[in-house]
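Peer 1: Sharing a structure with you now.
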């Protein structure tokens, strides 16, 4: 049944109509009533079907709306959370800014202790004082300009200001002059001290030059003495060969004394080389010792020995010659060591003199004891290189 078709009229029957009306008419009315009921039922079914589809559509729409609302709610919740987070960050920043704007005592102390800030404050303080002075001066000038030319107070005030300005200028000049005088005095002292240092440096340079010259001279003398020492060494080797070739006891006795003297003389020259030309006293003592040995040998020559003692004397002379040669070698090695260092120590000199004295025979010392004082007195006249040259001349 469509909406365009008109609905049948509703049939209404009362009890009187049932009693009065005929059967055919009642059936016709009943049919009309049935048609009306069917029309209502069809309309109701149509309405029900339309309502279900509408409800379903509305339900779907409501579900979509609910989903959209839920999504919007989630978005809004997220936005709210972000806003709350931003609010918290803002509150923390506000608190931090408040703390920064209201620094603590420690921060204030640290800022005041900072040298850069202190310098900045000092400059600001100086500028403030200057501006204050300028302001006071301007105010004084302004107040002075307010006075009339005939005003006595204004004249007195300006005269007082001029007097104070002059006094300040004089005080500043005095302070600057005193400081300049102090600086000039200090500068003069420094100049004097520098001149003294320069003079002392020049003296030291001259002294060093003199020392260099002396060292060069000593090196030249050492070279000459080394050459002489080599010559004496060669001569000693020749004398030793001659001594070995000699066969007669008397000749061996006489020739044995000469190498001993020569070995002692060369040993003394070697000991002189250890300390250079300056140690003349030690060389004189050593030459006196050599004088002792030579005079001891001459005394032995004065007294003739028995034939039985000839071999003994030759043996003793050979022993003395061997000892003299060994002592000469030791002295020569020590002399070369001392030549390497021209300023030899006195300990090496005393050690060499002790070695030389220890090589003497007790018999020779006994023989020389009688003439020791006279020989020492004669030998003390010699000095320096002259003693070594005389000894070498006597050996040659």
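From the backbone N, Cα and C atoms, a Cβ is placed for every residue, glycine too.
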Peer 1: Name the residue among 14, 194, 338 that Swiss-Prot annotates as phosphoserine.
Peer 2: 14
Peer 1: Near residue 14 (phosphoserine), which residues of its own chain have a C-beta under 8 A away, given they sit six or more steps off in sequence?
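Peer 2: Spatial neighbours, sequence-distant, of residue 14 (phosphoserine): none.
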